[in-house]
């Protein structure tokens with residue numbers, strides 16, 4: 001039997017209660033991850049969020065470098081939840097239940113009482129009966145756990161502080177609710193603190209980074225527009241990424257910068273270091289298991305299989321120039337060139353990424369003239385060209401490769417009018433490309449160890465305390481994979497040797513070399529694609545004023561985050 005009087009004193013529960021006798025026969029042993037706000041550090045919080053992520057997903061489903069959470073269809077109930085046990089300085093403890101299919105909080109246990117958000121459907125209502133089966137009192141709220149409802153009860157997220165202190169207070173509020181010691185508005189705010197500092201931080205490296213900064217400086221502050229729009233857009237971003245064609249979106253997703261200004265995201269590239277986990281939306285098309293050179297085109301009879309769109313994009317490459325059909329003439333064999341990106345609808349810079357792995361402009365195919373290095377790339381009739389000469393793969397690291405030849409698209413010069421060729425892949429800047437409809441470099445600050453910012457200092461680079469809008473801390477991320485100081489976009493972040501410990505410098509972008517091409521990885525590192533080394537704060541000591549390249553080990557001196 002369940003005692004109901006102490007719960008009904010708030011008028012917060014619904015008539016939807018349930019019995020647990022059947023589930024007590026076989027109690028579920030869900031994984032438990034612990035975190036305490038007592039003496040919490042950046043390191044303890046980072047390890048906690050990493051543990052949450054590792055229990056949420058097996059890593060078996062990874063798309064565009066980003067892990068996908070389990071599909072709820074067919075997921076055994078024994079694998080449906082994980083538990084997060086939180087404690088604070090007051091030695092109060094509560095346990096949150098997270099649904100592994102969306103990383104979201106579904107309920108909470110405090111002592112011998114458990115309470116749950118109102119489920120959206122009967123399936124979820126049945127699933128939560130497997131949680132906290134040994135408590136004496138268990139009830140559901142009359143409200144669900146989505147932000148719209150919680151904000152109606154507790155106020156807008158933009159006015160609710162986050163940080164170690166707010167999490168400490170939230171734990172106490174959740175604990176005392178079980179004894180009628182917490183009012184509903186405070187309870188709703190406390191849930192929003194926990195959800196953002198745990199669920200949203202697990203979903204987004206970006207939000208985890210925001211929380212690390214608050215913990216490091218013992219700061220209490222509300223989330224800015226960049227955080228709130230990411231939270232609101234997680235589902236749409238997950239859908240856009242999973243339904244993208246080789247990383248290009250069928251339609252843009254609008255996000256906001258910290259200052260509230262809006263921008264559109266047209267492709268997955270900038271999101272790889274931002275999103276840690278995606279909600280499952282659809283299964284990859286069966287053809288994605290095959291080489292794009294030989295993949296079959298089959299009807300999609302499975303509604304669960306991702307759409308395979310054919311977006312029309314520009315292809316931006318070296319020095320921010322675009323792939324262009326020379327002279328807007330589409331006769332067979334006309335060379336492809338680099339040219340300043342247009343803003344109109346001229347077809348000679350608009351490329352359709354087709355399901356058959358061709359890249360087409362005005363109905364004709366991007367084609368290699370011969371399968372040997374230094375041969376020109378041309379426009380050609382798709383039906384008369386050799387099939388293998390017209391097929392391309394677009395990798396997440398911004399390589400466009402012709403699978404038949406194993407050669408990659410390249411621009412041997414960064415000047416307008418340069419004719420494009422195929423070359424042996426050395427991951428040079430001259431071989432970096434991004435299919436997108438945003439032709440401008442993405443301007444950002446890059447935050448690293450101790451929440452300090454990467455700063456260009458003449459020909460050197462090191463970490464300094466972050467200063468809002470400081471020009472030396474602004475970086476332009478180019479489509480070709482180069483990272484350039486916003487103050488001087490002719491210079492590039494460069495490693496001029498492929499040796500562990502090499503100091504990274506700011507040098508001319510002219511060589512467009514392998515040492516100037518980088519990739520922001522989903523694990524938080526910035527990888528040099530050619531040598532496999534990552535950016536590293538030497539000895540974890542910013543006072544040395546040296547950023548080096550080093551083999552990956554995953555410590556915080558190798559973790560970087562672009563902030564927008």
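The first residue you see is number 1, and the count goes up from there.
Cβ coordinates come from backbone N, Cα and C, glycine included.
Within the same chain, residues at least six positions away from residue 104 (active site) with a Cβ under 8 Å of its Cβ are 98, 145, 195, 199. For 104 (among others), the entry in Swiss-Prot reads active site.
The Cβ of residue 147 (active site) has 16 neighbouring Cβ atoms from other residues within 10 Å, across all protein chains displayed. The feature active site is assigned by Swiss-Prot to 147 (among others), with similarity to another entry given as support.
Sequence-distant neighbours of residue 200 (active site) (same chain, six or more apart, CB under 8 Å from its CB) are 207, 227, 230, 231, 234, listed in sequence order. Look at Swiss-Prot and you will find 200 (among others) tagged as active site.
When secondary structure is read from DSSP and collapsed to three states, residue 203 (active site) falls in the helix class. The annotation active site is assigned in Swiss-Prot to 203 (among others).
What Swiss-Prot records for 312, 437 is beta-D-galactose 3 binding site, and it gives experimental evidence as the kind of evidence. The C-beta environment of residue 437 (beta-D-galactose 3 binding site), restricted to residues of the same chain at least 6 apart in sequence and closer than 8 Å, consists of 252, 264, 266, 313, 314. According to DSSP, residue 437 (beta-D-galactose 3 binding site) sits in a coil region rather than a helix or strand.
Away from its own ends, the repeat '1-alpha' (319-361) comes close to residues 245-246, 248, 292-293, 295, 297, 308, 310-313, 369, 376-382, 384, 390-394, 400, 409, 411, 413-420, 433, 435, 439-441, 478-480, 509 of its chain (Cβ-Cβ under 8 Å, at least six residues beyond either end). The feature repeat '1-alpha' is assigned by Swiss-Prot to 319-361.
As annotated by Swiss-Prot, disulfide bond applies to 322-341 (among others), with the evidence given as experimental evidence. In the shown protein chains, 22 other C-beta atoms lie within 10 A of the C-beta of residue 322 (disulfide bond). Residue 322 (disulfide bond) carries a strand DSSP state (E or B).
What Swiss-Prot records for 362-402 is repeat '1-beta'. Beyond the ends of the repeat '1-beta' (362-402), by six or more residues, the same chain brings 64-65, 246-248, 268-269, 272, 292-293, 315, 323, 325, 330-336, 347-348, 350-351, 353, 356, 408-409, 419-425, 427, 431-435, 479-481, 519, 529 to within a C-beta distance below 8 angstroms of the stretch.
Residue 365 (disulfide bond) falls within a strand segment according to DSSP. Annotation source Swiss-Prot lists disulfide bond at 365-382 (among others).
Positions annotated as repeat '1-gamma' by Swiss-Prot: 405-437. Taken as a whole, the repeat '1-gamma' (405-437) shows an average pLDDT of 98 in this prediction.
The DSSP breakdown of the repeat '2-alpha' (450-485), given as helix, strand and coil counts, is 5 helix, 16 strand, 15 coil. According to Swiss-Prot, the repeat '2-alpha' annotation covers 450-485.
Counting every protein chain shown, the Cβ of residue 453 (disulfide bond) has 20 other Cβ atoms within 10 Å. For 453-466 (among others), the entry in Swiss-Prot reads disulfide bond, with the evidence type experimental evidence.
For 489-528, the entry in Swiss-Prot reads repeat '2-beta'. Within the repeat '2-beta' (489-528), the DSSP-based counts of helix, strand and coil residues read 3 helix, 15 strand, 22 coil.
Under the heading disulfide bond, Swiss-Prot lists 492-509 (among others). The Cβ of residue 492 (disulfide bond) has 27 neighbouring Cβ atoms from other residues within 10 Å, across all protein chains displayed.
Residues annotated as repeat '2-gamma' in Swiss-Prot: 531-558. Taken through DSSP, the repeat '2-gamma' (531-558) splits into 9 helix, 8 strand, 11 coil.
Cβ neighbour count within 10 Å across all protein chains ranks 509 highest among the recorded positions 312, 341, 382, 509.
Sorted by the number of other CB atoms within 10 A, the disulfide-bonded residues 365, 466 start with 466, the lowest. Put simply, 312 is the one of the recorded positions 147, 203, 312 whose Cα lies nearest to the Cα of residue 509 (disulfide bond).
Proximity of distant same-chain residues to the repeat '2-alpha' (450-485), defined by a Cβ-Cβ separation under 8 Å and at least 6 residues beyond the stretch ends, is recorded for 212-213, 216-217, 270, 316-320, 397-398, 427, 429-430, 432-434, 436, 439, 441-444, 491-493, 504-507, 509, 512, 516-520, 526, 529, 537, 542, 544-547, 560, 562. On the backbone, the CA of residue 147 (active site) and the CA of residue 322 (disulfide bond) stand 42 Å apart.
Beyond its flanks by at least six residues, the repeat '2-gamma' (531-558) meets 42-43, 46, 448-450, 452, 454, 460-464, 495, 498, 500-504, 514-515, 518, 521, 523-525 of its own chain at Cβ-Cβ distances under 8 Å.
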